[in-house]
Amino acid sequence: MASNKVSFFLVLCLCILLAGECIESPIFTGNKCSDPTGMDKDGKCLDYCHAQGYPGGSCIGFIDQGYMCVCKVG
């Protein structure tokens with residue numbers, strides 16, 4: 001009975017670790033977006049993220065900082 005609990009716990013931990021790999025994590029670059037409305041019309045944020053090796057990026061609004069470039073992972 002104890003070995004079943006240990007096996008269940010190990011499988012549960014493995015599932016949690018694998019699920020964490022699939023979640024997109026944003027990478028905050030600290031670069032302000034040039035467009036005050038938050039649109040990446042000129043593609044600078046996307047180009048920056050591609051140059052850094054990330055698959056994508058976009059401008060996301062923050063209350064205290066305005067729109068910032070955020071790269072996507074995964």
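Positions of Cβ are set from backbone N, Cα and C atoms, glycine also.
As recorded in Swiss-Prot, the features of this protein are as follows:
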- Cys33-Cys59: disulfide bond (DISULFID)
- Cys45-Cys69: disulfide bond (DISULFID)
- Cys49-Cys71: disulfide bond (DISULFID)
- 1-22: signal peptide (SIGNAL)
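On the structure: features taken from Swiss-Prot.
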| residue | record | Cβ within 10 Å |
| --- | --- | --- |
| Cys33 | disulfide bond | 22 |
| Cys45 | disulfide bond | 27 |
| Cys49 | disulfide bond | 23 |
| Cys59 | disulfide bond | 22 |
| Cys69 | disulfide bond | 23 |
| Cys71 | disulfide bond | 22 |
For Cys45 (disulfide bond), the three-state class that DSSP assigns: helix
Minimum Cα separation from Cys59 (disulfide bond), reported as the residue among disulfide-bonded residues Cys45, Cys49, Cys69, Cys71 that achieves it: Cys69
Of Cys45, Cys49, Cys71, i.e. the disulfide-bonded residues, those within 10 Å of Cys33 (disulfide bond) when Cα atoms are compared: Cys45
In three-state DSSP terms, the structure that Cys59 (disulfide bond) belongs to: strand
C-alpha spacing of Cys45 (disulfide bond) relative to Cys71 (disulfide bond), in angstrom: 8
Cys69 (disulfide bond) versus Cys49 (disulfide bond) - Cα distance in angstrom: 9
